[in-house]
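*Asks:* Can you read through this structure? Questions will come right after.
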């Protein structure tokens, strides 16, 4: 049942459906906004802002209004030059998210997000925008911010549960008189108080011990007569009382995460119901007959499932090579313009060639700096392999090479690869899914008896499902086969695992060098910085039909690396005896520094956004054209998957080290609060427009990674408590007496000398307390961590610790069994169930609203997103569809690839000549095409209802 606050919104939508008056605006200003129209609108916006007492400007824009009066900031202050004032206006009205001002909106009701460039809008307030409004940026974004708030609350409560442990570890009872206060005196180090750091330690004699067994040079020394002295831990921090407090926080987290998963599932449904989108009305056909490229035939077939019929049909063709070539050709031409004098006619090959030769000669004569020569010999050749930082002659060559390739691709025959059908009602979609969703067995066996005769399309059993959002469809990857995608994922996953292993060995090698911890910290930081970029490059290998699928793949790869690199590798390569030490290189102090970095450094770098800030404040004021200046104000690209990896990395780090560092829960609470606000500021003031990401990443997180983190919590905690006191020293059954006394001229393992007083008269022996081997001890694991793994002749656990270890050991077994059963068991059950029967069930209620009666309802219009451009590039004919279906408002002809290289059968040329081919190219293309082989670009056809057509005619 919907909340009362949601009902006015539904009533408003129904009113919208009945009035249907706004729809006539869809056919106004066909072709979208040209550069001149954008400039005119910017002037209107600036006038409205100057005269309005309501419309707000960002703080940065107000600051720039002062700075642009200085020549050092804005060197080209004249009416003939591009306007920085217009560029910042463009940034706030075309890039930053805004919402429609609506006086009829009920208090507390979320406003409707405006399209870029729309009038009568207002910026979202950073502090005043509630979390539930963020669902308009995509369900995935809304769930992400909801998760951050929930995590802050439950980790704070878990910290409260852990307060007894924090107080105990900070007391003299644990570490003796003076305790941790005596060694943790600096402001940074003091934050590690209340952890398992033990300062109550003493040297004892161990005649049979060797330096290699201890691992930490500060824990080993030799007397003048070569008697080994080793440092023994006297703290008792793994008793039943402390362990059960941590166990209580674990049980609390299990319950809290289960409730969060249930709550988020409901939130996801509510977000879906609150935000009616085209996916609620659409289906995608995964296996259309290759020659089924007539949209009318598809409409006629699917109209049997809906009383009000089909509204839009999109047929995607397997023309990826053609579209990709057109996109790169356009990109290279645009970059070529930047290298040539303004006004150069790049459509005339003779003029273009001479201009390129002249620009190349001028560049060669230009004096080169040492830095430029260094880049030309090292970095730039690598970047140019990927088409970056190409010179004007290289750009010209690539354009000349691509043009005949495109002409050849235009002669090929292309087949249907996916078909998107949008019904006028949600009931139409649900009827089609109910009737045509098959069991896996019927699909594999092509059992045509499983459906009625009217449900078979051209002798084909159709495989259909609900599609993703239109702007999350990756149109250039739709033809990839399942086999190819599996192979690609195996390759990229193997490379990612290889990078993780390389990172571990590199950090270990750095740690063992003369620079030790300092160098290893630098190496770890560098890997954390560069690996996400490498993973993003790896994803160029993978094909994903949806942006949500790509984000999920990016998510688990970066999460895998960051989890291992941040939490596991440091402890895996560290000396076992340094786990509860107070030296700067010891584990708890290291983790304290990592947490401080996450809390302070990471958000600072994110909010400074150095590259985009440099572009807006240095490059933009020096551009020669308004278009180039505006290109620096398209916002920073962001990945929701990468933001989720930061969230789950902190969760994993907190769970991993909570037994040693109980106050880590409060650290993580502060980090979650910081992430919420820094990411919210970035979303509303820094980041550019991104596709509406669905819930795929959120589902993957709560169904797999969060349960995995909880399982790791139980397993790691059992080993931490079982291995205490981390000194590898035990009392033998028959100790040797006579070792008490003061020893002078003792040689420590690091080469220094001093004196040591031994108070324990009896000798001790070495015992392997480590139940999981590291690089130093060799790889091994004893699971579960139970007291029975202690050597029979050298036990180190107290009775209380033994009881605690038994509890946690079997808890870890139960956690692992539940993880496997719940995470994989449910998927296996559903997989088997889907083999036998159709398991489709609607997840939300039918809102009873017609598709054509909803404002800003986008359609499945094939388009290509290319980095660095404000708008996607269309790759289909949109002359006969409503403008709102495109999803953005700009000059559509100028942003359509189909007009770049003319071909036979082309309906018309682009109305703007900027990106059309030259007459020479057109003549060559037309003469080279022999006969028609069917459509070469994807097809979109709109079938609006009669009332819609009448409103459009009245508007005209």
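Backbone N, Cα and C atoms are what each Cβ position is placed from, and that goes for glycine too.
Whatever TrEMBL says is automated annotation, not expert-curated.
What TrEMBL shows for this protein is this:
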REGION    1-33  region 'Disordered'
REGION    913-933  region 'Disordered'
TRANSMEM  244-263  transmembrane segment
TRANSMEM  490-509  transmembrane segment
TRANSMEM  515-539  transmembrane segment
TRANSMEM  560-581  transmembrane segment
TRANSMEM  587-608  transmembrane segment
TRANSMEM  704-722  transmembrane segment
TRANSMEM  807-832  transmembrane segment
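Could you place the listed features in the three-dimensional structure?
*Replies:* Same-chain residues lying 6 or more positions outside the transmembrane segment (244-263) and placing a CB less than 8 Å from one of its CB atoms are 147, 150, 154, 157-158, 161-162, 164-165, 655, 658-659, 662, 665, 702-703, 706-707, 710, 713-714, 717, 804, 807-808, 811.
Within the same chain, residues 520, 523-524, 527, 531, 534-535, 538-539, 541-542, 553, 557, 560-561, 564-565, 569-570, 572-573, 775 sit at least 6 positions outside the transmembrane segment (490-509) and bring their C-beta atoms closer than 8 Å to a C-beta of that stretch.
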*Asks:* Apart from its near flanks, which chain residues at least 6 from the ends of the transmembrane segment (807-832) lie with a Cβ under 8 angstroms of it?
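*Replies:* The answer is 243-244, 247, 250, 440, 703-704, 707-708, 710-711, 713-715, 717-718, 721-722, 783-786, 839.
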*Asks:* What else in the chain is close to the transmembrane segment (587-608), if you only count residues 6 or more beyond its ends and a Cβ gap under 8 Å?
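*Replies:* Sequence-remote neighbours of the transmembrane segment (587-608) are 188-189, 191-192, 195-197, 566, 570-571, 574, 578-581, 646, 650, 653, 657, 660-661, 664, 667-668, 670-671, 674-675, 678-679, 681-682, 686.
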